[in-house]
Amino acid sequence: MNPLHATVLGAIQGLTEVLPVSSSAHLILIPWLFGWPESGITFDVALHLGTLIALALYFRRDIAELVVNALSGLTGGAHSSATRLPWYIIAGCVPAAIVGKTLEEPIEAIFRANPAIIAAFLIGFGLLLALADTLGSKKSRMDQIDLKNAMMIGLAQCLALLPGVSRSGITITAALFLGFSRETAARFSFLLSLPIVAGAALLKVGHLVRHGVPEGELQPLLIGVGVSAVFGYVSVALLLKLVQRYSLYPFVWYRLLAGAGVLLFIFNQ
């Protein structure tokens, strides 16, 4: 992989892993559209690490607070929504961890080579996001999340294995349907994604440690980490500011246009 491809794909990963537009769809469709070779698992590691760095840096205070609250609850401190939230996040990650470990490879094998289905998922789940943003009451706050809410959002996260769905998109959609505000939905979505992204990164780092970095891949790998981290950090900040003032319809329209554009490209080939 050359440095230009690494930069473009790093930027795409950083932006689309966080925004509700599906990083997996973009990382499959962009190389397919331009005829680029597949990036491979080494570069996959770089992209996941970059995203993890961005999320960990942006939510460093939230993470520290979650750890303190979890320990407080374990050591006899007063039980509250704050001390329970870390455990709700962990519980919400369990379904996606199990499904991901079991089905990630067969799902990727089925859908990676089918851009039309990916485009259909972009459109279909974009419409679902629009419906949630329109019908959701948007009243509930972070301190009102309970185990049932966390598990329902966590179950929805399992659908993110399908390229074109979007991890942040489907969890924000589920949270909106459950009545949470846009900001709470987005923030909880990111906190819920941290253990999953970290787990995926660690699994792929393990593969990298066992097999080593292929010759000539170190520079693109480092570029991928850095670029995806920078763009990921910026896009988290951007999304959290946007949802405080505006609807999620700009992302819905983007998904519809991107999906329709891919379908038109396929049918005109």
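FYI, residue positions are counted from 1 along the chain as it appears here.
Placement of Cβ uses the backbone N, Cα and C atoms for every residue, glycine included.
Taken straight from Swiss-Prot:
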TRANSMEM  40-59  transmembrane segment
TRANSMEM  87-107  transmembrane segment
TRANSMEM  116-136  transmembrane segment
TRANSMEM  160-180  transmembrane segment
TRANSMEM  188-208  transmembrane segment
TRANSMEM  220-240  transmembrane segment
TRANSMEM  247-267  transmembrane segment
If you count every Cβ pair below 8 Å, which range out of 40-59, 87-107, 116-136, 160-180, 247-267 shares the most with the transmembrane segment (188-208)?
40-59
Residues of the same chain, at least six outside the transmembrane segment (40-59), with any C-beta under 8 angstroms of its C-beta?
1, 6, 9-10, 13-14, 17-18, 27, 190-191, 193-194, 197-198, 200-201, 204-205, 207-208, 213-214, 217, 220-233, 236-237
Do the transmembrane segment (116-136) and the transmembrane segment (247-267) come close, with at least three CB pairs under 8 A (pairs 6 or more apart in sequence)?
yes
Sequence-distant contacts of the transmembrane segment (160-180), meaning Cβ under 8 Å and at least 6 residues beyond its ends, amount to 16-25, 28, 96, 99-100, 103-104, 107-108, 111-112, 117-122, 125-126, 128-129, 132-133, 135-141, 144-145, 149, 152-153, 186, 188-190, 192-193, 196, 239, 248, 251, 255, 259
Same-chain residues at least 6 beyond the ends of the transmembrane segment (247-267) with CB under 8 Å of its CB atoms are 19-22, 25, 29, 33, 115-116, 118-123, 125-127, 129-130, 133, 164, 169, 172, 182
